[in-house]
Amino acid sequence: MLLILVLGVSLAAASRPECFNPRFTLTPLNHTLNYTSIKAKVSNVLLPDPYIAYSGQTLRQNLFMADMSNTILYPVTPPANGANGGFIYNTSIIPVSAGLFVNTWMYRQPASSRAYCQEPFGVAFGDTFENDRIAILIMAPDNLGSWSAVAPRNQTNIYLLVCSNATLCINPGFNRWGPAGSFIAPDALVDHSNSCFVNNTFSVNISTSRISLAFLFKDGDLLIYHSGWLPTSNFEHGFSRGSHPMTYFMSLPVGGNLPRAQFFQSIVRSNAIDKGDGMCTNFDVNLHVAHLINRDLLVSYFNNGSVANAADCADSAAEELYCVTGSFDPPTGVYPLSRYRAQVAGFVRVTQRGSYCTPPYSVLQDPPQPVVWRRYMLYDCVFDFTVVVDSLPTHQLQCYGVSPRRLASMCYGSVTLDVMRINETHLNNLFNRVPDTFSLYNYALPDNFYGCLHAFYLNSTAPYAVANRFPIKPGGRQSNSAFIDTVINAAHYSPFSYVYGLAVITLKPAAGSKLVCPVANDTVVITDRCVQYNLYGYTGTGVLSKNTSLVIPDGKVFTASSTGTIIGVSINSTTYSIMPCVTVPVSVGYHPNFERALLFNGLSCSQRSRAVTEPVSVLWSASATAQDAFDTPSGCVVNVELRNTTIVNTCAMPIGNSLCFINGSIATANADSLPRLQLVNYDPLYDNSTATPMTPVYWVKVPTNFTLSATEEYIQTTAPKITIDCARYLCGDSSRCLNVLLHYGTFCNDINKALSRVSTILDSALLSLVKELSINTRDEVTTFSFDGDYNFTGLMGCLGPNCGATTYRSAFSDLLYDKVRITDPGFMQSYQKCIDSQWGGSIRDLLCTQTYNGIAVLPPIVSPAMQALYTSLLVGAVASSGYTFGITSAGVIPFATQLQFRLNGIGVTTQVLVENQKLIASSFNNALVNIQKGFTETSIALSKMQDVINQHAAQLHTLVVQLGNSFGAISSSINEIFSRLEGLAANAEVDRLINGRMMVLNTYVTQLLIQASEAKAQNALAAQKISECVKAQSLRNDFCGNGTHVLSIPQLAPNGVLFIHYAYTPTEYAFVQTSAGLCHNGTGYAPRQGMFVLPNNTNMWHFTTMQFYNPVNISASNTQVLTSCSVNYTSVNYTVLEPSVPGDYDFQKEFDKFYKNLSTIFNNTFNPNDFNFSTVDVTAQIKSLHDVVNQLNQSFIDLKKLNVYEKTIKWPWYVWLAMIAGIVGLVLAVIMLMCMTNCCSCFKGMCDCRRCCGSYDSYDDVYPAVRVNKKRTV
C-alpha cells in the first residue's frame, strides 16, 4: 500500500485535480509534439514471443515491433521561469492502439556530481482518467522521486499500480531536483471504492541513464518489455548498429485495452535558484515514443530468451531473402523473392471540367416566400454541393433515389435548385406527401422526384405568406401577379423558430459530356506510376501515361476498346492512356560481403513504378526509382556495376540469358557501406579451344536452305458394312443340309455378332473422328444500350425484319387524295425526294431539275398548286411588263424553262419505251426458234434411248434365266450327294462341305474384323493429325508432310480424310563435325535443343539447332551443365524368335477321299455371247441442246429500267368545303325527318319506337294517373 499512501489516495470524486502542492507556483505551457524517423535494427525494437524465446530456434513469426519511421518526440522537461516560478506542460494524451515503445533517459548526473538532478519516468494508461480504469508504471528513486538523503542514487524503484475506478491528476510529474522533499499533491490519485487491485514496488540497480521500454495490450493483459541499460551517447547510432534487444518482463491484468496514454514530466519549482533547482534548469529531455505494429519477421533466439538476430520480411530484398531461405547466413547465389508488391504509389482525382457555378448565397440566407419561390438551373459546370448541404444548419435532410453521402460525390446531367421558406406544418406534410395549401397552390413536387429536400434553420423574423387559391402543377408557380401581391401583403409574422429555409435539389442522371460535377480536391496527374484514380466519377487502379495516338470523340472524355474497357481519358486537353498495373517476380543476388542486387524479371526499368503496389519500405521505394538500373534480356537489374565487356566461364550467381552477377573485387564488410556486385556476360565455354569432345566426333549435314513443298496424304477412316445370310451361304436351298447345320449350334449367331462388332467398331471410330473435326459455334448476341443523347441509327442502318419493305398510303388516304401513276425512266423518284425533303415545296420545282444522259428533265405532271404558281408568275410578268419597261418579262423564263424540261422528260420516256419494244420483239422471236430446235433434238435422243433400253430388257431376261440355272446347280449337287449316299455317309459328306464353307466364312469375318481395327487405328491417326497438324504446328519432322511442318488443310474424301501438308524441306546442307558433349576444365556440357558443331577451318565449338544451321556462341541458355565428363554406356541385347513350321500332310489323300463317289458333271448352259451390250450415243443431241440453251440465255431482254412514278394531288379547298357542307346538310335533313315523323326519335322517350302510322294524340302526365283503355283517370 506504499504507493497509495504516498500519492495520498482520496475517496472524493471530482474532475481531474492538480498534481503538485499548492505552494508550487507553476505557469501552464502548451505541449508540442514533434515527429522524426529513426533507423533502428529490427532486433532492438521487436517484442519477442515469451513462450518461444527460450527455445533457441530460428523461425518465422508475426510479432509486434516499434514503427520508428514515425517516432514521436515527447517533451517532459518544461523550461524554468527564473525567480518568478516554473512552467508546467499541459501534457498531451496520445492514442495507444496495440501498444507503445518508449526510450527514455533516467538520470544525467555521474556518481561524482553533487547536482542531484533527476528525470524519473512515469506513464499512465487509461481513457478519460476520471472514474476510469487506470494502469500506472513509475521508475523513480526513493519515495516517488523525493530523496530521503542528499547523495547520488545508484538504485531506482519500480512502482506498478492498476485500479478499476480511479481519477488521476491532470498533469502528473516529478520535481527535477531530488532533495526537494514532498511536492506531490495529496489527491494526485483518487481511488474510488478501493478499486486498486495491483500495487507492487521493487528496486533495480542503475547502470546508465537510458533504457527502452515497451507496453503491449494483449488478451486483457498489459505485457511489459525492457532492454538493458543503453549508452547515453550517440543514441541513434547505437540503435542502428548496436545490439540492445528487449526481453519480456511481466504481465499486468488490466481487463482490456486502455486506449490512451499520458507521460509524467519533470518540473522546476518557482524561485529555483534559491531552492537548489537551479542546477537542473538547463536539461532538455524528450521521450522517443513509437507505436507498435505487427510484422512478418524471421527471428533467431538465444537460449536465455533474448533476440540474437531478426529480419523484417517486407523491409528490403536482403531482409526478405533471410525470410525466404529461413537463415541469416544463406549461401551465395540468386534467390527468387515474392512478387513486386506493397501499396499503390498515389491517388489521382480529376472531377472538374466546366466553369464554376456560384451558389446563391444571399438567397439561401434569406429565402423568398413560397408563393414566389426562386429557381436556379445548373448546367455544364462545377458546383459546391456543400454550400446547400453541409454548410447550412440542417433541420432535416431527406433524399429520393440517391444517398445523402453520395450526393456531393457524383456528376449529374443538370441540377435544379429551388429555394423558399416553409413552416413546420407544411414541411411535415411535404415530407410525408400530404396535400395541403403549400403543395396545392405554392410549390408541388413531381411524383418521380429524384433529388433531396434540405430544410435548414433560419435566423429571420420575416413574415410567412402562402397562396390558397388557383391550383398549380408540379414545378409550376402562381402566374397572376395581382393575386401574388395580395398574398404577400397579407403575410403574417411567425416565430422564426417555426419557419425554416427549404432547398429542393432536383437531379437529372448524367448523360452526355456536359455534366454538373461536385467540387473536389483535384490532384496532379501522376504518370507512369501505379495509382488509384477517380476520373470524372470513374474509379479504378492502373497506370496513366500520355498518349497522342489515342483518339477521343469530340465532346467526350473517355474512349473504350472493342471489349468495352476504358483505355483512354482526356484531362485538360491532354490524352492519357489507362493501362493495368503489372506484377512481376523479383530475384535477389546475394553475397555476404556485397550489397544485394535486384532483378525485376521480364520488366523494363521504365515500368518498375507500374507494379500493382508501390513498396512500403524506404529501400523498396529506392529500388523502384533508382537511377542506376540497367535493362537486360532477363529484366531490369538494380544496384549493380555494369561490365558488359567482361565474359566469365564460371558463375555462382546466373540470372539467365548468359548474364551473371560476380564479386569483381575483394570486398570487406564494414559499418558504413558494401561494394556492389558486377553484372557481366556468362559463357561456360568461353575460349573453348581447349574443350575436348566427350563422345566420338561425327560428320553430319545440317540444312542451310529450304523450299516450300506440298504433300497429299489420304487416310481411310471407314469401310462398307457387310451383312451375310449364314444359313443360305452354307446350305443354299437344301433342307437336308439345314438339318445337319442345326448340329453346329450358334455358329451363325456368332457370325452375326462378329459382323455387328465390326459395325460398332466402324461407328465408334467414325464418331470420334467427327468430334475432332467438328467446330463448336455459338451465336454472339451483342446488346446495344443507347443512353443519353447518343444516336447510332445512322451507323447501324435498318434494324428489324421489315427492312426494305415498301410503305403505302392507307385506304383512307387513297379515298381523300387523287393519284396519278406514270412510267418513270429513272429520274422521277429522285425529283420527288428533292421536293419532299427540302423547304419550299412546289417553289423548288426548277431547283430539283434532274439530268438524264446529259439532258435536263422534269416530270410531265404538274400539281394544281404548281400550275397556279407558274400561271400567276406568267400573268404577272406579262401584265407588269408595260410599266416596267419590259424588265418583269423575265418572269416568263421560269415558265418556259420548266415547260421545256417537261417536254424533255416526255421525249426521254417515249424513246426508252420504243427501244424496249424492239428488244422484246427481237429476243422473243429468237427464243421461239431455239425452243423449237431444242424440242426436236430432245425427241431424237429419246427415241434412241428407247431402242437401247428395250434391248437391255431382253438381255436382262436371259441373264435371270441363266442365274436361276446356276443357283439350281448348287441344290442339284447336294441333292445328288444324298441320292448316292445313304444315312450317315451322306450326312458326313455334307458335314465336310459345311466345315469347308465355315472355314471360308470364318476367314472372311476375321478379315472384316481386322479391316475394322485398321479403320479404327486410321481414325486415331487422322484425329492425331488434325490435332497436331491442323490445329497446331507440329514439331515432329516428316509427321505432317515431308520436312518441317508449316500448315495443313484437311478435306473430306470418300471413306476417309485427305490432308494437304505444307512444309519446308532442305535443299542445301552444311557438312560439319558434331559431338554429343564437351568437356572443359573438368566440367561436362551438353547441348540443349540443338547440337555442338565445329565449323570447318575453326577450332572453336559453337551451338546450332538441328533444323537450321546458324552457329552461335555456346552460352548458359543453350547448354546443360553435367556433373562430370564421363559417359555411361549401356548395351541392350535383343533376340529374334523364328516361327515354327507346321507338320506336313497328304493333301491328295484328303482330296481323293472327299471326291470318292461324287459326280462332277454339270451341264453348263450359260453362254455370255447371247448378250448384246449395246450403248447409247446421244452426244450430238446433247451438244445441240447445250447450244440451244446458250442461245436462249442470249435472248435475255435487258430492258431499260422503268419505274412507276406516283404523284399524290390534294383536292382544292373549295372541293373540301363543298364536301363538308354536303355532309352537314345530309345530317340536318335526317334529323329534321326524324323529328317530323316522330319515328324512332331521340327526343321522344329516348328512342321509344312506335308505328309511324299510329295515333299521335297523347298527353303529358302532369299528375300521377292510371291509364285504362287509352283514357286517363286521375
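Cβ atoms are placed via backbone N, Cα and C, with glycine included.
Not measured: the values here are computed from a predicted model.
Per Swiss-Prot, signal peptide is recorded for 1-11, and the stated evidence type is sequence analysis. Marked as topological domain 'Extracellular' by Swiss-Prot: 12-1212. The annotation domain 'BetaCoV S1-NTD' is assigned in Swiss-Prot to 15-325. Marked as disulfide bond by Swiss-Prot on the basis of sequence analysis: CYS19-CYS169, CYS163-CYS196, CYS313-CYS323, CYS357-CYS381, CYS399-CYS452, CYS411-CYS517, CYS834-CYS848. The N-linked glycosylation site annotation in Swiss-Prot covers ASN30, ASN205, ASN423, ASN521, ASN572, ASN663, ASN705, ASN1042, ASN1113, ASN1128, ASN1133, ASN1193 (among others). Taken from Swiss-Prot, the feature coiled coil applies to 946-990, 1174-1202. Among the features that Swiss-Prot reports, transmembrane segment is placed at 1213-1233, with the record citing sequence analysis.
Features as recorded by Swiss-Prot, highlighted on the structure.
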residue : record                      : DSSP (3 states)
CYS196  : disulfide bond              : strand
CYS323  : disulfide bond              : helix
ASN423  : N-linked glycosylation site : strand
CYS517  : disulfide bond              : strand
ASN572  : N-linked glycosylation site : coil
ASN663  : N-linked glycosylation site : coil
ASN705  : N-linked glycosylation site : strand
CYS848  : disulfide bond              : helix
ASN1042 : N-linked glycosylation site : coil
ASN1128 : N-linked glycosylation site : coil
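In this structure, the CA atom of CYS169 (disulfide bond) is 63 Å away from the CA atom of ASN663 (N-linked glycosylation site).
Each of the glycosylation sites ASN663, ASN1133 was scored by the other Cβ atoms within 10 Å of its Cβ; the lowest score goes to ASN1133. Within the same chain, residues at least 6 positions away in sequence whose Cβ sits under 8 Å from that of ASN1042 (N-linked glycosylation site) are SER709, THR711, HIS1061, ALA1063, THR1065. On the backbone, the CA of ASN663 (N-linked glycosylation site) and the CA of ASN1113 (N-linked glycosylation site) stand 24 Å apart. The highest number of surrounding Cβ atoms within 10 Å, among the glycosylation sites ASN205, ASN423, ASN572, ASN705, ASN1128, is found at ASN423. Note on the disulfide-bonded residues CYS19, CYS323, CYS517: the fewest other CB atoms within 10 A surround the CB of CYS323. For the coiled coil (1174-1202), the predicted model reports an average pLDDT of 67. Look at the Cβ of each of the glycosylation sites ASN30, ASN1113 and count the other Cβ atoms within 10 Å; the largest number goes with ASN1113. CYS834 (disulfide bond) falls within a helical segment according to DSSP. A 10 Å radius around the C-alpha of CYS381 (disulfide bond) takes in none of the recorded positions listed as CYS163, CYS196, CYS323, CYS848, ASN1128. Spacing of ASN705 (N-linked glycosylation site) relative to ASN1113 (N-linked glycosylation site) is 21 Å (Cα to Cα, whole number). CYS357 (disulfide bond) is surrounded by 19 other CB atoms, counting those within 10 A of its CB over all protein chains shown. In this structure, CYS163 (disulfide bond) is part of a beta strand by DSSP. Of all Cβ atoms in the shown protein chains, 18 besides its own fall within 10 Å of the Cβ of CYS848 (disulfide bond). Listed in sequence order, the residues of the same chain lying 6 or more apart from CYS399 (disulfide bond) and placing their CB within less than 8 Å of its CB are LEU407, GLY451, CYS452, LEU453. A 10 Å cutoff on Cβ-Cβ distances gives CYS163 (disulfide bond) a total of 27 other Cβ atoms nearby, all chains included. Here ASN1133 (N-linked glycosylation site) is compared against the disulfide-bonded residues CYS313, CYS517, CYS848, and the shortest C-alpha distance is to CYS313. Under the DSSP three-state reduction, CYS381 (disulfide bond) is assigned to strand.
Here the Cα atom of ASN1113 (N-linked glycosylation site) is found 27 Å from that of ASN1128 (N-linked glycosylation site). CYS163 (disulfide bond) is 55 Å away from CYS517 (disulfide bond) when you measure Cα to Cα.
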